[in-house]
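K.L.:
There's a structure below that I have some questions on.
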Amino acid sequence: MGSRASTLLREEEIEEIKKETGFSHSQITRLYSRFTSLDKGENGTLSREDFQRIPELAINPLGDRIINAFFPEGEDQVNFRGFMRTLAHFRPIEDNEKNKDPIASEPLNSRSNKLLFAFRLYDLDRDDKISRDELLQVLRMMVGVNISDEQLGSIADRTIQEADQNGDNSISFNEFIKVLEKVDVEQKMSIRFLH
Amino acid sequence: MACRTCLWLLGTTFFTCTVRLVVEGTEVGATQGSHPEPGVVGSNHSQAGGGHGSSISGIQIVTFKWHHVEAPYLIALWILVAGVSKMVVELNHNLTSVIPESALLIIIGWILGGIIYGADKMQTFTLTPTVFFFYLLPQVILDAGYFMPNKLFFSNMGAILVYAVIGTCWNAATVGLGLWGCWLGGAMGDIDIGLLQFLLFGSLIAAVDPVAVIAVFEEVHVNEVLFIMVFGESLLNDGVTVVLFNVFDAFVSLGGAEIDAVEIIKGIISFFVVAFGGSLVGIIFALLISLLTRCTKNIQIIEPGFIFILGYLSYLTAEMLSLSAILSIVFCGICCQKYINANMDERSVTTVRYVMKVLANGSETIIFVFLGISAIDPAVWVWNTGFILLTLLFIFVFRFIGVFLLTWILNKYRLVPLEFIDQVVMSYGGLRGAVAYGLVAMLDENKFKEKNLMVSTTLIVVYFTVMLQGITMKPLVTWLKVKRAAVTELTLAEKIQNRTFDHMLVAIEDISGQIGHNYMRDKWHNFEERWLCWFLMKPSARKSRDYIFNIFHQLNLKDAMSYVKEVRATHKVRESHDNLILQDIVPSVCLDMHEQDLTMRESEDFNAHHLLQQHLYRGRKQVLKHRYSRSHLETNRDENEVQEIFQRTMRSRLESFKSAKMGVAPAKKIQTKHQKKDKPQKVRGEGTFSPFLHVRPHSHPLIGNVSLKKHYDMMKMYGNHVFDTIPLIPVQPLPQARPPQLRGHQPPVVCIIIQSHSKAISRICLILENRLD
């Protein structure tokens with residue numbers, strides 16, 4: 001199957017990824033080596049177990065959710081393109097990018113795309129709404145064992161109350177954006193990838 | 001109250017005792033002259049025995065043999081006095097939070113010095129360089145090295161080196177040249193001094209002092225990166241200081257005329273030799289210590305001794321080879337900590353840690369008290385307003401400039417830039433301390449005519465930085481932080497989301513391998529695991545060294561054990577039942593470590609914000625308190641959190657994997673129906689929601705109809721009683737829940753676990769197995 005050959009990254013691919021995600025050449029090669037080091041099965045894709053092998057993720061409350069975010073709907077394997085696409089959300093927004101041609105679609109690391117990523121972390125069933133249950137799930141993951149379910153439920157209710165504007169007892173994406181308008185998302189959701 | 005008065009009485013008693021003895025001693029030794037001997041705490045009591053040349057008239061039942069015990073007695077007494085001073089200082093916590101301990105100790109030193117001076121009319125006890133450098137400083141530095149947070153230290157190594165080397169050189173040069181310029185300009189009047197001497201003075205006053213830094217930063221809680229920068233700098237700049245001091249000392253001896261390019265090049269080479277040589281010596285000794293502890297299985301009781309002796313030897317060896325002794329002992333501590341902690345018995349490790357802290361604290365106390373005492377000595381005081389004030393000004397200003405300049409350069413290469421407030425704290429926290437004083441006291445009076453002036457200036461600088469800057473550090477930081485903090489109160493959603501962002505960032509960093517220079521780190525890790533650990537660690541220690549498993553280790557195995565016992569106990573009773581509802585023997589006995597806080601629920605004042613504040617898990621970035629502390633030995637408080645998160649994650653992964661294997665649809669929709677039915681059921685403690693299955697902790701659709709006995713039998717069949725201690729397998733089903741039909745034979749739970757591709761879980765099982773014999 002030539003699985004060996006497919007593990008080498010071709011120039012054209014690098015160019016494509018560069019255009020799509022905005023990473024630089026050296027960043028892409030570096031992340032590719034990281035990708036291959038995670039890919040124990042050496043088949044050019046990562047499965048959930050490959051991610052789970054990273055020990056630090058086991059002690060991250062949202063670890064599994066974030067792993068999940070790498071995999072497109074219903075799939076169990078992610079290739080390098082998909083890997084980079086997800087990581088691209090976390091690129092810092094550079095000023096000169098804002099002036100790029102408006103014809104091209106919004107870059108992956110724009111504010112609203114970042115927020116969409118965060119939104120999808122809550123909204124598992126992709127119905128574009130964070131229901132009370134979904135919020136409760138995430139809260140439960142992020143909170144210690146000392147809080148009872150009732151208390152957590154009240155927190156969730158209050159949170160939805162603050163954010164909900166159309167009274168459907170769930171948070172839509174637009175409401176989500178509105179609630180976080182004062183938060184410096186660009187800074188909080190960006191990491192500097194080493195050159 | 002009674003306790004306090006007791007302490008005061010005790011304190012005064014000892015002070016008077018000291019004075020009495022001193023007075024007596026002086027009377028006896030008055031005829032012997034009064035040259036301070038550097039050997040023993042600067043006391044001038046000669047060792048001449050038999051001073052009383054009187055004839056023996058009869059058998060003396062009791063004799064007062066002061067000279068017999070003089071030296072050790074004084075030493076012990078001084079240590080006691082220092083300890084009592086520390087007690088006195090710690091009496092009032094409000095006071096210590098405003099004025100750092102070090103400042104209070106210096107003040108006590110002044111008082112004591114005053115008493116002694118009043119009694120003796122001269123300062124009999126001073127902090128001599130020999131005592132300081134050989135007996136007081138090594139343990140402080142060893143303590144620093146041993147407790148150094150290695151990962152943090154090495155990942156910020158580049159920045160630390162920049163500050164330590166370039167920063168110190170900058171400080172030395174600017175202060176020296178600045179003073180020289182001002183002297184030329186006549187601001188200091190007429191003193192017998194030259195450019196080289198100014199440079200020497202600059203180099204010894206430029207170094208940030210580790211003892212003082214720790215002492216002040218104990219009170220001021222700064223983030224760990226900032227702390228490690230200042231702390232690391234204060235430790236590593238010794239390499240530079242030693243070189244500069246020796247080089248300029250040699251230059252002064254040679255005289256200005258002999259200095260040419262060759263000498264300067266030799267000076268630069270000596271820097272590298274001293275620095276790297278010192279570190280190398282330290283590393284060699286670290287290897288020795290690790291090897292030794294590897295073989296000390298049979299003499300565990302004296303294991304701790306080796307650490308201290310070898311650490312001290314590394315210090316002395318480096319000193320002997322005229323390399324940097326501080327660097328040596330620091331690297332000795334840094335490199336050996338991992339291996340000796342793994343190799344030694346737990347009790348030995350605890351012993352080492354405690355003794356290390358005792359010694360370091362004791363030394364620090366003595367150092368500061370003596371710094372105070374040494375000041376009360378009119379013999380050394382020379383006042384030159386220009387010199388002193390200019391020195392103060394220059395070290396302050398040039399430190400700021402240096403730090404800001406270097407940070408500006410560094411921020412271009414750093415992943416996480418250092419902010420303004422960090423830089424201010426770093427500049428302001430550049431305290432000078434006893435090392436500078438020790439160095440200046442070592443100067444030769446014949447070469448340096450103005451030695452006393454330099455000593456006085458150094459003392460004043462030390463007092464200024466330790467006391468003034470120490471006292472004002474906290475208010476400064478608070479003021480700056482308050483200024484920066486957002487004015488508006490965050491909404492709940494924002495708070496939650498902020499925390500989510502933190503966790504997300506940390507996760508993405510881990511996935512993309514961001515922390516530090518990954519390639520080198522990986523290589524080092526591989527090398528270390530393959531060779532070093534094999535060479536330096538005991539075989540049994542090697543197995544259980546993985547970080548995550550250590551955390552899992554600390555799982556309350558008693559819980560697991562008690563679960564096993566209860567299972568065994570009750571299975572006899574419930575043997576005849578199928579479809580058991582075991583609400584008593586809940587697997588959450590393993591997970592549920594905390595009682596539900598009923599009082600919270602009942603209280604009227606339900607504050608969601610407050611709750612969130614208390615209970616949200618802190619992300620890795622959130623740890624604010626630096627992990628090194630002189631006086632507190634704390635275990636990582638985050639371990640509880642980490643444990644909980646780890647258990648939860650493993651649990652949900654196991655469940656989702658099982659569901660995947662069993663063909664149970666992981667789709668959320670199906671389960672919500674069950675979820676709603678389950679609502680009325682009482683839930684104890686936490687509920688774990690896996691992202692894929694809405695599974696409440698007391699139900700499991702898979703185990704379903706499996707009776708407890710069968711479950712237990714299955715485990716026994718697989719000969720691995722380990723598995724029944726894993727808190728990951730919930731056992732009893734929910735009566736209302738309709739478990740999906742298990743097809744055909746029930747693949748034993750155990751089988752699934754064995755086959756689990758998540759190596760982590762299987763490894764955990766192995767480890768538990770080993771622990772349980």
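Every residue, even glycine, has its Cβ placed from backbone N, Cα and C.
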K.L.:
Looking at B:225-248, B:321-344, which one does TrEMBL call transmembrane segment?
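P.N.:
So the range that TrEMBL calls transmembrane segment is B:225-248.
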K.L.:
Pick from B:101-119, B:424-442: which range has transmembrane segment per TrEMBL?
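P.N.:
Residues B:101-119 are the ones TrEMBL records as transmembrane segment.
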K.L.:
Counting Cβ pairs under 8 Å to the transmembrane segment (B:354-376), which of B:131-148, B:225-248, B:268-289, B:382-408 comes out on top?
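P.N.:
Stretch with the highest Cβ contact count: B:131-148.
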K.L.:
Please give the sequence-distant neighbours of the transmembrane segment (B:131-148): residues at least 6 beyond its ends with Cβ less than 8 Å from one of its Cβ atoms.
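P.N.:
Hits for the transmembrane segment (B:131-148): 38, 40-42, 210-211, 214, 231, 235, 307-308, 311-312, 315-316, 319, 325-326, 329-334, 336-337, 352-353, 356-357, 359-360, 362-364, 366-367, 434-435, 437-438, 628, 630.
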K.L.:
So, does the transmembrane segment (B:225-248) come close enough to the transmembrane segment (B:101-119) to give 3+ Cβ pairs below 8 Å, pairs being at least 6 apart in sequence?
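P.N.:
The answer is no, given that the two segments have fewer than 3 Cβ pairs within the 8 Å cut-off.
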K.L.:
Same-chain Cβ contacts of the transmembrane segment (B:225-248) under 8 Å, 6 or more residues past its ends?
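P.N.:
Counting only partners 6 or more residues beyond its ends, the transmembrane segment (B:225-248) has Cβ contacts under 8 Å with 141, 144-145, 149, 152-153, 156-157, 159-161, 163-165, 167-169, 172, 196-197, 199-200, 203-204, 206-210, 213-214, 217, 267, 270-271, 274-275, 278, 322-327, 330, 416, 418, 422, 425-426, 429-430, 435, 439, 626, 628.
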K.L.:
Which sequence-distant residues neighbour the transmembrane segment (B:160-186)? Criterion: at least 6 residues beyond either end, Cβ under 8 Å.
P.N.:
153, 193, 195, 198-203, 205-208, 228-229, 232-233, 235-237, 239-241, 244, 386-387, 390-391, 394-395, 398-399, 401-403, 405-406, 409-410, 426
